[in-house]
Amino acid sequence: MEERAIPMEEVVSVPATPRTAPRTPEVVSVPATPRTAQRTPPTSVPHSLLHSPTLTRSPLLISAPKTPRTPRTPRFITPLASPMRKAVVTMRGYLEEVGHLTKLDPQDAWLPITESRNGNSFYSAFHTLSAGIGAQALVLPLAFTFLGWTWGIFSLSVAFVWQLYTLWILTQLHETSVGGTRYSRYVHLAQAAFGEKLGSWLATFPTMYLSAGTCTTLVIIGGSSMKQFYQIICGQTCARSQPLTTIEWYLVFACLAVVLSQLPNLNSIAGVSLIGAVTAVGYCTLIWVVSVIKGRPSGVSYDPVKSKSDVARVFDMLNALGIVAFAFRGHNLTLEIQATMPSTLKHPSHIPMWTGVKFAYLLIASCLYPVAIGGFWTYGNLIPPSGILTALNIYHQQDTSKAILGLTSLLVVLNCLCTFQIYAMPVFDSMEAGYTSSKNRPCPYWLRSGFRVFFGAVSFLIAIAFPFLSGLAGLVGGITLPVTFAYPCFMWILLKKPKKNGAMWYINWGLGCLGMALSLLLVAGGVWSVIDSGLKVRFFKPE
């Protein structure tokens, strides 16, 4: 039927259908605005045509005057349907573009991890790189002395691909597509997957151990590197100037770390993480390049270290695998880093997070492989237990300039100071969460500072009491391996529920079970290595 415009002077009526008796059509009057009341007569439209496509396409929609606006009536509340539909479409687009469509815990605005949500892919790259590479990479050549060339490179490659896959799983599980819940902490995701009690039991200890244990190790490494830097710069005059003791250097490092830790939240330390990332890449590259250029010392051998027995040989290889596993740390911070980013339907947080992660791990691979391969090529079985940095100072101290050696130690100190901040942030968050949960209010500034000073003091005391912690890389790698290699696979199965007997189902079940079995074996290997090598347990006697 051909459509025609409805004159303003006419009253449009719709005849009743044959099934009903004829009756007078119901008419709705649309009053004109006060300014045009004298020139335009009222327009009447029956209810039957009020929402019809014909009416919306006719000139009546354009020529009909608007309803007078009053303080009590919003602009979009009009008798016509088209403005209402436009308002709904506009609001929907606004929510998709700007509005946060995820369920957030109200206390998140008071805690340091989720206090600021203006992160981006650059922040993700800085934090991931600072957390993913550090002094643990310098011990990789030691693992090659037990594994050899072939198995060493193979183990490093498998571990790299495996942990990158589990990292992708964590970024995808950060927020659910149904309900919009964001899991901003590793423990929360574990509780959602395994249950509140079991998830807390499985994840709390290893993640807190990774954070607090790493900070303690950083105090040991950073304080020792500060002492070494002072000795390199000072030279022979140090003996006459009464230098600081090792404990005093630990205290200096801890004080600097506590001062820097007063930055309020995770987003505020993005610049600190950038410095940590640059210094980590800098000293890793500098150490292996100088070592390769200076050449191999005499007596270098690449044959695997001989063990006392076949059983000892197996446990030594397991300990070496634990060292490789410990080189890939930082998964306990992935969800926390992603929690600092905004998330909408059109722009979910996993996109910038994964972009930053890919860039960060490209740089991490460019550091780990040269350090492991170049360090083992240069020093072979002569690598000391403390890693390639100690080997550089032992074998090339005489033929390497003090400027290079001093710069290397200084970069290590700066990296330890910066890495301390990102690993301490989950501990700060946990401390403040206890206060905000009980008081239902944000943590005051003086108490927040007190928490951070307290944690720095505890890390310092543990570093003094257990100065041998840096030599337990294999054991620590075995304990924390499930956090990186096993738990994410089980979380994917429980939360995403892939098709049974499908590819993702088999992959995640296989990797998860293999990771748990490896964890038990690596812990056994680490304990055996400590007993067999006769680790010097020096309580309160740092060297």
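Keep in mind that glycine also has a Cβ here, set from the backbone N, Cα and C atoms.
TrEMBL has this to say about the protein:
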type	residues	note
COMPBIAS	15-42	compositional bias 'Low complexity'
DOMAIN	120-531	domain 'Amino acid transporter transmembrane'
REGION	1-50	region 'Disordered'
TRANSMEM	138-165	transmembrane segment
TRANSMEM	208-226	transmembrane segment
TRANSMEM	247-263	transmembrane segment
TRANSMEM	269-293	transmembrane segment
TRANSMEM	359-383	transmembrane segment
TRANSMEM	403-424	transmembrane segment
TRANSMEM	445-466	transmembrane segment
TRANSMEM	472-495	transmembrane segment
TRANSMEM	507-531	transmembrane segment
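Of the recorded ranges 247-263, 359-383, 403-424, 507-531, the transmembrane segment (138-165) has the largest number of C-beta contacts under 8 angstroms with 359-383. The listed stretches are 403-424, 445-466, 507-531; of these, 507-531 has the most Cβ pairs under 8 Å to the transmembrane segment (472-495).
With a cut-off of 8 Å between Cβ atoms, the residues of this chain six or more beyond the transmembrane segment (247-263) that come close are 215, 218-220, 222-224, 226-227, 230, 269, 272, 413, 416-418, 420-421, 424, 428, 449, 452-453, 455-457, 459-460, 463-464, 542. Long-range contacts of the transmembrane segment (403-424) within the same chain, counting only residues at least 6 positions beyond its ends with a Cβ under 8 Å from a Cβ of the stretch, are 127, 130-131, 134-135, 210-211, 214-215, 218-219, 221-222, 225-226, 228-229, 232-233, 253, 256-257, 260-261, 263, 266, 269, 272-273, 275-276, 279-280, 282-283, 286-287, 290, 333, 389, 392-393, 397, 452, 455. Proximity of the transmembrane segment (269-293) to the transmembrane segment (359-383) is established through 3 or more Cβ-Cβ distances under 8 Å for residue pairs spaced 6 or more apart. Within the same chain, residues 134-135, 246, 249-254, 257, 329, 332, 409-410, 412-413, 416-417, 419-420, 423-424, 426-427, 430, 455, 458-460, 462-463, 466-467, 469-470, 476, 479-480, 483, 542 sit at least 6 positions outside the transmembrane segment (208-226) and bring their C-beta atoms closer than 8 Å to a C-beta of that stretch.
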